[in-house]
Amino acid sequence: MMIPVRCFTCGNVVGEHWEEFKERAREGDEDPGKVLDELGVDRHCCRRMMVSHRDLVDVVSPYQ
């Protein structure tokens with residue numbers, strides 16, 4: 001669905017970095033690891049939240 005506001009494991013705020021990460025790493029040609037380093041997302045649990053997230057709102061919305 002939508003990116004969670006906080007990391008499930010440590011509670012650190014990750015939602016504020018999602019838009020920039022999506023623009024630079026997913027739609028651009030930059031390395032996701034370098035983008036996360038520049039954004040200050042350094043914990044492996046928070047990085048997992050950003051890298052593994054898939055936006056499924058458009059897929060699920062027709063069924064509601």
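Each residue's number is its place along the chain shown, starting with 1.
Backbone N, Cα and C define each Cβ position, glycine as well.
Features reported for this protein in Swiss-Prot:
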type	residues	note
BINDING	Cys7, Cys10, Cys45, Cys46	Zn(2+) binding site
- Task: Give the three-state DSSP assignment (helix, strand or coil) for Cys45 (Zn(2+) binding site).
- Result: helix
- Item | Non-site residues, in chain order, whose CB comes within 8 A of the mean position of the CB atoms of Cys7, Cys10, Cys45, Cys46 at Zn(2+) | Phe8, Thr9, Gly11, Asn12, Val14, Arg43, His44, Arg47, Arg48, Met49
- For the binding-site residues Cys7, Cys45, Cys46, which Cβ has the most other Cβ atoms within 10 Å, all shown protein chains included? Cys46
